[in-house]
Amino acid sequence: MSALQKKWAKSAVLLQQQQQHDPTAMANLHTLSEEDPFSTQSQSDVDWFMVRGEEEGEGEGEGAASPVDDDSSSASSMSSTGTIIPSPSRSLFARPQGIRARSTLEQIPWTTYFERELFLPSQGGKGGVTHHAYLTFPVGGGGSKRGPLFVMHHGAGSSGLSFAVLSSEIRKRLPNAGILSLDARGHGSTTTTTTGGQGEEGVDLSLDTLATDLYDVIKLTQATMRWEQELPPIILVGHSLGGAVVTHLAKSGRLGGALLGYAVLDVVEGSAMDALQSMHTYLSTRPSGFRSVKDAIEWHIRSRTIRNSVSARTSVPGLLVDTTEEQVQMGRDDKRPWKWRTNLAATQPFWEGWFVGLSKKFLEAKGAKMLLLAGTDRLDTELTIGQMQGKYALQVFPEAGHFIHEDLPEKTAIALVDFYRRNDRSQLVLPPKVSELLAQGKRV
């Protein structure tokens with residue numbers, strides 16, 4: 001019997017003596033309480049343990065996608081019957097010596113979620129571009145008989161890895177689905193031959209160019225993967241700026257019958273235009289650089305920019321670039337060499353063009369439509385009327401932040417898979433045509 005179990009047993013005996021009116025019971029019980037550090041617990045100890053539990057317990061497994069933030073209070077943990085929360089000074093749950101505890105801030109490689117990465121050279125916009133994308137193959141026969149292809153476009157300043165955890169959740173629920181998640185120009189590992197460097201003013205980030213890039217990536221992937229017949233059924237998914245891009249492409253009709261529908265994540269015209277007014281204030285409040293990738297991951301979690309540690313460990317590394325060598329060449333000793341890969345302030349000339357007319361295009365474009373929001377207050381008048389008329393599906397996740405798909409990848413995946421299944425044409429059984437019946441000699 002362990003020391004802790006002996007103390008529990010002793011406590012039970014003393015309580016029984018108390019019930020039998022033993023005058024020494026209360027004194028002994030009080031003595032035990034003073035000696036036993038587990039019998040009482042300060043609120044600071046409880047808070048510390050819960051924070052450490054979230055940091056070390058949540059997201060340990062790479063396949064897990066539970067948010068790091070737990071809204072359950074320390075008080076409720078204290079009041080749970082049979083729950084003992086140890087003091088941080090005790091080693092009740094200590095690991096065996098010699099085994100190094102894995103840090104929860106270790107980055108997770110893209111290979112955990114995608115089958116391969118693609119580098120797709122193209123000539124478009126102002127100069128050439130080599131698109132970078134992550135791909136997981138759709139399963140099945142050719143063309144429309146193949147599983148659906150979810151094509152993902154991230155928001156400004158993000159990368160294709162933003163959808164990594166979501167992609168694994170989609171595949172859990174729809175094993176034949178494919179995922180294509182690209183890095184937009186000026187983001188991630190996509191490179192351009194313009195005079196300006198990556199993330200600088202020389203990169204053309206206009207809405208027309210980004211939508212053309214998205215279409216080119218789809219067609220180049222089709223050629224690279226030798227999908228010779230036709231494209232698989234496509235669901236476009238875009239977050240923030242990406243939502244404007246997929247809507248623009250859907251409105252153009254360039255994908256034809258291959259497009260089943262499109263889903264837009266947490267962006268509507270009205271709130272987006274309002275948010276642009278405070279964009280510079282937001283950019284001035286975030287760090288200009290980080291000492292390491294781990295520091296960047298920690299900042300995203302603690303600032304609640306991303307509320308899921310697994311998502312942060314996967315996507316944040318793609319947002320940064322190591323400038324150590326560059327700083328050495330310039331004779332500088334920068335203590336924070338990990339800088340933002342994309343200079344968002346330099347994209348200001350394109351901000352308004354991204355979102356003007358978004359609501360109208362979203363409602364008018366052909367194909368099934370779904371809007372996922374972090375709050376109904378983001379709906380503008382045009383979309384509110386459209387929703388009341390049943391023109392699109394609406395899902396609201398009030399517990400999520402702006403990065404819905406990273407904060408709640410499981411719920412987002414459920415919504416997207418259900419959206420696909422409701423619009424899956426392969427399950428439709430159409431009646432025979434009249435001409436076919438007449439050709440068979442049947443009476444109509």
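Backbone N, Cα and C define each Cβ position, glycine as well.
TrEMBL does not curate its annotations; it predicts them automatically.
Here's what TrEMBL has on this protein:
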- 15-91: region 'Disordered' (REGION)
- 63-80: compositional bias 'Low complexity' (COMPBIAS)
- 81-90: compositional bias 'Polar residues' (COMPBIAS)
- 150-413: domain 'AB hydrolase-1' (DOMAIN)
- Ser240: active site (ACT_SITE)
- Asp266: active site (ACT_SITE)
- His402: active site (ACT_SITE)
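Between the C-alpha atoms of Ser240 (active site) and His402 (active site), the distance comes to 8 Å. Counting Cβ atoms from all protein chains shown, Ser240 (active site) has 25 others lying within 10 Å of its own Cβ. Taking only the Cα positions, the spacing between Asp266 (active site) and His402 (active site) is 6 angstrom.
Classification of His402 (active site) by DSSP places it in coil, neither helical nor stranded. Among the listed active-site residues, namely Asp266, His402, the Cβ with the most fellow Cβ atoms inside 10 Å is that of Asp266.
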